[in-house]
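Comments concern the structure below.
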């Protein structure tokens, strides 16, 4: 690995400091004004990374009666020479970011600038000042005027950050730019209504009555309240993030990624994408269920007379029609989003009309309940799909004949010689009102839960019934799925998602920072009130057996919520069908764009292909992938099984939104200044806790799968090395954790049990800034095996301002070598006037707090006897003295060039230790640490010690073996007698 050159071609960013003396500047002398004596004077610091053809000179201080002026010149990165200052036409308004004009030289002095710009005749000891002194600086090629800067900030484009189109738009000249369309949408049209449309969905119309009947009014109220609290707390956190600066289009993905970093952003962004994609599948399955069960039941392709096989046939129908619907919707989205947007108002109207119909029907039921009789056999509910009359017999021509119901429970249609079901014989057939109405008091029966296993008959507990078992008949209304509180939570939660709709439309909003919090929170309050009131209304108006009847078999196949609505059940059926189709179209429109935004950020390399789009901007490849994933959800074919899946992904997304807000609030990062003030870290943590609890309550195995998927994506992005820097909160969290750990380390000296060598490796560089002995790093990596602290230090002799470029190049060289040798640590480079002083500075100042080195590693000075330069051995002796004075251990590696590399592995061999002076056991520890590395793993340790004439060598060997036994180190012991 070659280090970067240190000549003028060393790096793309170069620094050149040109000193000047006061005598070199015509017109300036000792009569220059004394800046320090003026109370109203100001010292201005300016900075540019690449300001071509500009120079500035400012008097900085007065010393010994003379004013010293230093000029700094920036080089154009595109060229290897400084520009001619005489060609510069300087705008006074560009001298500082405030546009104020500060002129220290008059017009006559400008002409003489070339006399000192490139002047390199300076004496040692002169002071130098770098030009790069700004605290903050926009990355712009040229310094703009204040007016143009403010204009650009006001007309901020919220295209997807990182998108190619955004970068191209920045490079288009002013004359070719199209006039930007000013956003005009307010809170109501831009946030409130889209959020309402996205939150109200298929679950409200198809499953909420079933949830109320199964869980009871109290538990259903608790389920809805918990889910609504989760989204409300998330909306508060989201509002804080959304009002902390300009919100880009992209919704929660951009919020999380810019707040928590690319790893979390990519992981949660993909989870949110998968959730939106499965939501499309859920909406399509809901639309198909409405179509096949309530609108056109005869359209079913697969049929079965067997009750047990009927559900399987229905699933196959869902798969076939769902796939057809998906293809149709994908074609609509592919043709153009404008067609989806044209029908958005129609779909919204369907939702609002359907909800109003429910309230109208509930009010009407208090004085004129609709007539939907439910046929009961004893306390068991009968399906009214196939029976003509709710009676065992019927009158025809003044004759009593068996009804269809008789034929279902008896083996003969005659009264005589017929063998009937025992339960049918002992119980009467009665008819009850399916919608007793608001004033009936039926809510007292519906307060409590009634969870049943799959295949159980839906019964009315208060009805009379003979205690006879009887046989299971397919004319009963049966439970199609085993129910529990946790299952209902997972099924209901998707009906409160959709709170990100406002943030996704931030590009169309007149004032996004004001509209997003108000519109989103009002939408959640509205939907929460609707859901909670509907729970109470359903429990107060509808009979319990009808509520628990998921598909309306007891009310002649009508949609249960439709039976309550006014003026007709078809209002709900048609309205819910169109609103569900619209929600599916919106999901298929939003999901590909979210994937495209993730792909264009280029944090997940294998998704790069999905960042491409058609000429009109439609993400074609992302749409195809979305359709493929949605097809997987449709193949599941059950709304009740798909809903918990997308609940997991949305809950994880909301969890990280709350985490992002809580972290930013607790870390108090300087840029965390939301306009939305009604947030608190405790609310965010509460929201995060509720999200985590709901994940495991609804389905613990789905929660684990979702977390594993997110974790794998996180580690993949981390492994690939995300190069994005978004000022994320995780970096701030790492800093706070590191600070806390360092302060803990300062509390006391480390215990001897925790002692390990923390290395400061001193490297020597040659004239070309190459490391002379790279095997020192090999030794360090084998000794440390990635554990503990390693600091690699080196000294460049010279002046810091002169040798700053060389120091950067040498630091990069050492870092590349550390990476190649797999040394996990830090690099510290010092520029000093003398080598011994630089080494002394390194030994004294390296490390931070308790993370300081305790061992210095250096090489033996080769050929110091033959060297004409006496500084070689003096530097070595000085380093030994400084290390001793600092009470540090010293490891001196001799013949380090013969040391094995990391790729070599010894199959056998010995590590010999000559233990002559007692050193506290460090010599015993070093071979043990080396043996942890794969290179030395198969080697044996031999300990040699020296016995003098008066010593008992046999006893010494025994004592040393016992000492090693207590140290738990396996080694051979040899005593050498003198």
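Placed from the backbone N, Cα and C atoms, the Cβ positions cover glycine too.
Sequence annotations record features per position, and here TrEMBL assigns region 'Disordered' to 20-108. Per TrEMBL, compositional bias 'Low complexity' is recorded for 28-45. Per TrEMBL, the feature compositional bias 'Polar residues' maps to 80-101. What TrEMBL lists as transmembrane segment is 186-206, 212-234, 272-297, 318-337, 343-362, 476-496, 516-542, 621-639, 645-666, 678-695. As annotated by TrEMBL, domain 'Amino acid permease/ SLC12A' applies to 191-363, 482-760. Annotation comment: TrEMBL describes 774-892, 906-971 as domain 'SLC12A transporter C-terminal'.
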The domain 'SLC12A transporter C-terminal' (906-971), counted residue by residue under DSSP: helix, strand, coil: 25 helix, 13 strand, 28 coil
Among 191-363, 482-760, 774-892, stretch most in contact with the domain 'SLC12A transporter C-terminal' (906-971) (C-beta, under 8 angstroms): 774-892
Recorded stretch, among 318-337, 343-362, 476-496, maximising Cβ pairs under 8 Å relative to the transmembrane segment (272-297): 318-337
Per-region confidence, the domain 'SLC12A transporter C-terminal' (774-892) (mean pLDDT, whole number): 88
DSSP residue counts for the domain 'SLC12A transporter C-terminal' (774-892), split into helix, strand and coil: 53 helix, 26 strand, 40 coil
Stretch of maximal Cβ-Cβ contact with the transmembrane segment (678-695) [cut-off: under 8 Å; candidates 186-206, 212-234, 318-337, 343-362, 476-496]: 212-234
Interface present between the transmembrane segment (645-666) and the transmembrane segment (186-206) (three or more C-beta pairs under 8 A): no
Beyond the flanks of the transmembrane segment (476-496) by 6 or more, those residues with Cβ under 8 Å of it: 199-204, 207-208, 211, 214-215, 219-220, 223-224, 226-228, 230-231, 279, 282, 307, 311, 377, 380-383, 449, 451-458, 524, 527-528, 531, 545, 548-551, 553-554, 639-640, 643-644, 646-647, 650-651, 694, 697-699, 702
For the transmembrane segment (318-337), distant same-chain residues with Cβ under 8 A (at least six beyond the ends): 280-281, 284-285, 287-289, 291-292, 299, 301-302, 581, 584-585, 588-589, 592, 616, 618, 620, 623, 627, 630-631, 634-635, 637-638
Seg_contact(the transmembrane segment (212-234), the transmembrane segment (621-639)) with at least 3 CB pairs under 8 angstroms, min sep 6: no
Non-local residues, at least 6 beyond the ends, that sit with Cβ under 8 Å of the transmembrane segment (621-639): 202, 206-207, 274, 277-278, 280-282, 284-286, 289, 315-316, 318-319, 322-323, 326-327, 330, 333-334, 491, 588, 591-593, 595-596, 599, 609-613, 645
Residues from the same chain, set at least six apart from the ends of the transmembrane segment (645-666), whose C-beta lies under 8 A from its own: 230-231, 233-234, 236-238, 240-241, 244, 252, 255-256, 259-260, 264, 268, 271-272, 274-275, 278-279, 282, 490, 493-494, 497, 633, 672, 679-681, 684-685, 687-688, 691-692, 694-695, 698-699, 702-703, 705-707, 710, 729-730, 732-733
